[in-house]
Amino acid sequence: MSFSSLVHDLSLRDANAAHPNRGVASTVSTMDDRTSRTSHISRAMSYTSTAATSVSICGDISSQLHGGYCHPLARSWQAERQLTKSMLIYPLFVSDQDDEELLIPSLPNQYRRGVNRLIPFLEPLVHKGLRSVILFGVPVRPGVKDALGTAADDPEGPVIRSIRLLRQRFPHLFIVTDVCLCEYTSHGHCGILRDDGSLNNQLSVDRVSDVAIAYAQAGAHCVAPSDMNDGRIRAIKLKLIEEGMSHRVVLMSYAAKFSGCLYGPFRDAAGSAPSFGDRRCYQLPPGGRGLARRAIVRDINEGADIIMVKPAGQYLDIISDAKELGKDLPIAAYQVSGEFAMVHAGAKAGVFDLKAMAFESTESILRAGATIVVSYFAPEFMDWLSV
Ligand SMILES: [Zn+2]
């Protein structure tokens, strides 16, 4: 029987069933007949609609995908990783003005706070489920910065005081400290300079690793060097071992940190813009995918516990590479200040909804391979997410 004659035949039966006295079949229908007829009719109708939508039923059944994500829960199951509150690390800028609370104009809704302002600000967020923060120290007092970044590990400086305070007040909050010198050096570069203005790698690594140890001794759960000097992961790991702390401190490497124009609002917040030159000789060039892969492999081999990619949204391929190269490590990504400011600017201009884009941009970072996201949206996500 051809397809069209099958449809015709079953349609005729359908008409006869509706008007039994008009057709040729006038015998009393049994239940079995009716069941069989219904199934033929529904099959015919399905064939008809299939033909009408030009989808081949004798072709590839795997072409039919819609059923797999027809329900909100089924849609969420399509993601390898679900965004949860515990994946988020919130950046905090802590200044050496204890009572300061200053809005950062280029970084929407973000403030620079003194130590005395931290607890009241964090209390409701921790209550809602914030699990981790990353601290950036911001010395604003005149005369604090010098060529060696001495203030970075000042025991009375904002980072070390904040670590102690947060450990005491929020015993379950995981405290990450960014480790770099650029906020504390008079020249604004991420290390100690030679006379010609280039980075002295050895001196820089010695100094950066000392700062990391000071933060770990103060109680940081995780130290995260962002300076990009060669060999600093190994140096920090060795000092953690020497100090008997390697078993209780996570070492997170900003392994693939790219130079570029997305850090502008952060530099306003942290006061860390270089006074001359730029950071292109130690941060990675935006096109340097192979270089990023080498840096990731190097830092894994030097003892990193977590690999970070920064920025995130423009470098999803690098996050994916990090997940492939470091398949046995957690991968973090930093949605940086410029990305965050762009989402706000786009929403303000009516291009998209803020919350929708906050989710889409963050979920794309997870899709690429990250399971940890450093995000300025963390406070909003504490309200938007249920777990
Ligand atoms: Zn730096």
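From the backbone N, Cα and C atoms, a Cβ is placed for every residue, glycine too.
All annotation found in TrEMBL is predicted automatically rather than curated by experts.
TrEMBL has this to say about the protein:
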ACT_SITE  K257  active site, schiff-base intermediate with substrate
ACT_SITE  K310  active site, schiff-base intermediate with substrate
BINDING   C180, C182, C190  Zn(2+) binding site
BINDING   R267, R279  5-aminolevulinate 1 binding site
BINDING   S337, Y376  5-aminolevulinate 2 binding site
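On the structure: features taken from TrEMBL.
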{"residue": "C180", "record": "Zn(2+) binding site", "Cβ within 10 Å": "29"}
{"residue": "C182", "record": "Zn(2+) binding site", "Cβ within 10 Å": "23"}
{"residue": "C190", "record": "Zn(2+) binding site", "Cβ within 10 Å": "24"}
{"residue": "K257", "record": "active site, schiff-base intermediate with substrate", "Cβ within 10 Å": "26"}
{"residue": "R267", "record": "5-aminolevulinate 1 binding site", "Cβ within 10 Å": "16"}
{"residue": "R279", "record": "5-aminolevulinate 1 binding site", "Cβ within 10 Å": "19"}
{"residue": "K310", "record": "active site, schiff-base intermediate with substrate", "Cβ within 10 Å": "24"}
{"residue": "S337", "record": "5-aminolevulinate 2 binding site", "Cβ within 10 Å": "25"}
{"residue": "Y376", "record": "5-aminolevulinate 2 binding site", "Cβ within 10 Å": "24"}
Can you see whether DSSP assigns R267 (5-aminolevulinate 1 binding site) to helix, strand or coil?
helix
Out of C180, C182, C190, R267, R279, Y376, give those binding-site residues positioned within 10 angstroms of K310 (active site, schiff-base intermediate with substrate), comparing C-alpha atoms, in sequence order.
none
With an 8 Å cut-off on Cβ distance to the C180, C182, C190 Cβ center, who else from the chain surrounds the Zn(2+) site?
G149, L181, E183, T185, H189, G191, S226, D227, S272
With the Cβ atom as the reference point and anything under 6 Å counting, tell me which of the binding-site residues (C180, C182, C190, R267, R279) are near ligand 1.
C180, C182, C190
Based on Cα coordinates, which of the following recorded positions are within 10 Å of R279 (5-aminolevulinate 1 binding site): C180, C190, K257, S337, Y376?
C190
Rounded Cα separation (Å) that holds between S337 (5-aminolevulinate 2 binding site) and K257 (active site, schiff-base intermediate with substrate):
14
Please report how many Å separate the Cα atom of R267 (5-aminolevulinate 1 binding site) from that of C182 (Zn(2+) binding site), as a whole number.
10
